[in-house]
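Novice: Before we start, here is the structure in question, set down as structure tokens.
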Amino acid sequence: MVLISVLANLLILQLSYAQKSSELVIGGDECNINEHRFLVALYNSRSRTLFCGGTLINQEWVLTAAHCERKNFRIKLGIHSKKVPNEDEQTRVPKEKFFCLSSKNYTLWDKDIMLIRLDSPVSNSEHIAPLSLPSSPPSVGSVCRIMGWGRISPTKETYPDVPHCANINLLEYEMCRAPYPEFGLPATSRTLCAGILEGGKDTCRGDSGGPLICNGQFQGIASWGDDPCAQPHKPAAYTKVFDHLDWIQSIIAGNTDASCPP
């Protein structure tokens with residue numbers, strides 16, 4: 001019964017962030033149009049609603065969160081304003097999707113990562129360019145950049161037309177573990193913890209899958225957090241990109257049987 005209760009609580013917290021998949025960065029400002037050439041938007045093919053973000057890591061591959069998986073979606077690149085398109089915007093659909101286990105087996109602290117191969121390569125342009133994978137792991141205390149088209153109010157369904165950006169801090173993992181004792185999060189994890197302890201700045205619904213950029217390097221993928229967002233002493237968790245480098249690079253090289261770190 002205890003296990004069932006824990007699993008139920010984990011599902012609730014997973015859903016709370018997945019449901020935030022249409023929210024924007026809270027406490028931020030409009031991103032400079034030239035600072036997010038790698039940022040992609042995942043759209044529902046039927047409703048045309050933006051539900052997640054992602055990061056272009058080369059001309060043919062996008063990295064996002066596993067919980068952003070949907071049956072039918074499109075990937076828009078080179079987008080800034082949802083209402084006023086850039087001339088160099090491009091749209092792709094997934095050709096292949098790769099998960100550490102499967103889209104249904106990720107956990108709050110592990111394997112919330114999805115690697116997408118596009119149906120055709122994109123070309124670099126004024127508003128499109130990939131972001132390199134990290135060369136070293138991040139350090140606690142680093143200043144990190146978050147961005148996305150997610151909700152800009154922690155409690156209201158307020159969505160921006162353009163992506164918002166904010167700076168937050170990389171924190172000790174325990175700062176994400178301590179606020180949620182009921183979830184039994186492990187003592188160590190392949191996730192990063194980032195936020196502002198006094199609250200006010202955070203990723204939120206719709207920012208899932210987007211990048212966490214620390215000291216200029218792509219270090220994390222927005223995974224989960226509290227709802228309402230941006231609450232004091234409740235930072236958010238990000239899948240640690242550096243720990244998955246071997247898996248990512250193996251898949252891109254053609255070794256589709258590669259396994260994620262244990």
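Any Cβ shown, glycine's included, is placed from N, Cα and C.
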Novice: If you pull up Swiss-Prot, which of Cys193, Cys214, Cys229 shows a disulphide to Cys204?
Specialist: Cys229
Novice: For the disulfide involving Cys31, grab the partner from Cys165, Cys176, Cys193 as Swiss-Prot records it.
Specialist: Cys165
Novice: Going by the disulfide annotation in Swiss-Prot, which one of Cys214, Cys260 is bonded to Cys100?
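Specialist: Disulfide mapping in Swiss-Prot sends Cys100 to Cys260.
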Novice: If you follow Swiss-Prot, the disulfide involving Cys214 connects it to which of the following: Cys68, Cys144, Cys176?
Specialist: Cys144
Novice: Please give me the CB contact count at 10 A for Cys31 (disulfide bond), counting all chains in the structure.
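Specialist: Result for Cys31 (disulfide bond): 21 neighbouring Cβ atoms inside 10 Å.
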Novice: Run through the Cβ atoms and count how many others sit within 10 Å of the one on Cys176 (disulfide bond).
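Specialist: The Cβ of Cys176 (disulfide bond) has 26 Cβ neighbours within 10 Å.
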Novice: Do you know offhand how many angstrom separate Cys68 (disulfide bond) and Asn105 (N-linked glycosylation site) by C-alpha?
Specialist: 13
